[in-house]
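Record features, source TrEMBL:
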type: TRANSMEM; residues: 33-49; note: transmembrane segment
type: TRANSMEM; residues: 69-86; note: transmembrane segment
type: TRANSMEM; residues: 106-126; note: transmembrane segment
type: TRANSMEM; residues: 132-149; note: transmembrane segment
type: TRANSMEM; residues: 156-183; note: transmembrane segment
type: TRANSMEM; residues: 203-222; note: transmembrane segment
type: TRANSMEM; residues: 229-248; note: transmembrane segment
type: TRANSMEM; residues: 260-283; note: transmembrane segment
């Protein structure tokens, strides 16, 4: 009798799975593909012929708390938008009104989440076996569940910190058992809180000054609408970091000062290229919303400050549109400090004194410190 009823309900469950895949799954795919492509590109460079293997990564994470923290933190941060699209996207809320059990929704979304976490699971499975894969998958689901279901305010961040501590200290065998109940409970809480999540807001964001709030909104708009541009920028930075690492290894440079020289030499030009690519969509978004900003009473000073904050973080080449003096001077000071820390002019400056020059706002300081514009 039970089997017959299950077979009769199978078409309805399949229809619900298709609907969730076309709504929440499609939104998660749009956010996750750039992340996966970037990770595959970086992984291809690191694992392809350089002696690095999945077993080496897993053993290093088990032996070094710092490496474990970097791996877990990077994965949780990178995939949180994808998991948020699965569990909290507004386009799938209407499916809750259908006469379908709640367990169907949760089971389908858990299955889609396992697919989203597959790259992380495969890494730990290949490097550490089935227990490590089960612990990594359960820990990732639990970590993302806590991030999505956390309450607003300090209490939520305390819960996140406690979860991260558990992920760092617990071995894989313990995570394989303990993390799964936590993952199911927190993901269920995130699913239940999804209809009211946007209305509650975040206390930290509400307390920020006007320019910071607008800069945060602009950054989120770029992240949501220009994910491919951000992925390309991240890929450029990853390639620059890999090139700096390879150059340092080829020249047998291992001291911190020498490594900083190579990092500055490769990362600063790559940062300028990546930031310039991101600045175009950002400025277009700000100009398209200018009528709304004027209606809301945002002054020109607030708008310039927000654009300067956002563009300054990404190092673009579009300073004149938001105030030439402030952004130009900030970029010059950053490059000057980078080259000073790396002792660039004493080690790897190939430019002649005729090319030493600076921007109009920092010419005196640049001439006094003797840093090289062409290299930095």
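Cβ from N, Cα, C; glycine included.
Automatic, uncurated: that is what TrEMBL annotation is.
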Contact call for the transmembrane segment (229-248) and the transmembrane segment (260-283): at least 3 Cβ pairs under 8 Å, seq gap 6+: yes
Contact between the transmembrane segment (156-183) and the transmembrane segment (33-49) (3 or more Cβ pairs under 8 Å, separation 6+): no
